[in-house]
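Taken from Swiss-Prot, the feature signal peptide covers 1-16. Per Swiss-Prot, the feature disulfide bond maps to C29-C78, C39-C69, C40-C52, C79-C90.
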Amino acid sequence: MKFFTAAALFAAVAIAGPVEVRTGGGSICPDGLFSNPQCCDTQLLGIIGLGCEVPSQTPRDGADFKNICAKTGDQALCCVLPIAGQDLLCQAAVGAA
């Protein structure tokens, strides 16, 4: 009986452990809600993105993301959920300031 308890505990710990290793670098947008990189024409009230599109290239870092969006006159933002070119919740991309 103790063996099954120990085996179940070991299996639970193994399953609960993270599968991928995160180094902390190279992330443009934070994980979670604001995980969609967008190039937006304008940002209203600091939270609403208008005229948003996916970047034309895959950015390497925040500065590259800012440069990609700047080519079309847009701002580099991380948004919650793009709907028809409008994003209700956006924040500045990491390293794009």
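Cβ from N, Cα, C; glycine included.
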Going by C-alpha positions, which of the disulfide-bonded residues (C29, C52, C90) is nearest C39 (disulfide bond)? C52
To the nearest whole angstrom, state the Cα distance for the pair C78 (disulfide bond) and C69 (disulfide bond). 12
Cα within 10 Å of C69 (disulfide bond): which of the disulfide-bonded residues C29, C40, C79, C90 qualify? C40
Students should find that the Cα atoms of C90 (disulfide bond) and C40 (disulfide bond) sit apart, in Å rounded to an integer, by 10
Taking only the disulfide-bonded residues C40, C52, C79, which one has a CA atom nearest to the CA atom of C29 (disulfide bond)? C79
In sequence order, which same-chain residues at least six apart have a C-beta under 8 angstroms from C40 (disulfide bond)? G49, L50, G51, C52, E53, C69, D74, Q75, L77, C79, D87, C90
Measure the Cβ-based neighbour count of C90 (disulfide bond), defined as the other Cβ atoms within 10 Å of its Cβ. 24
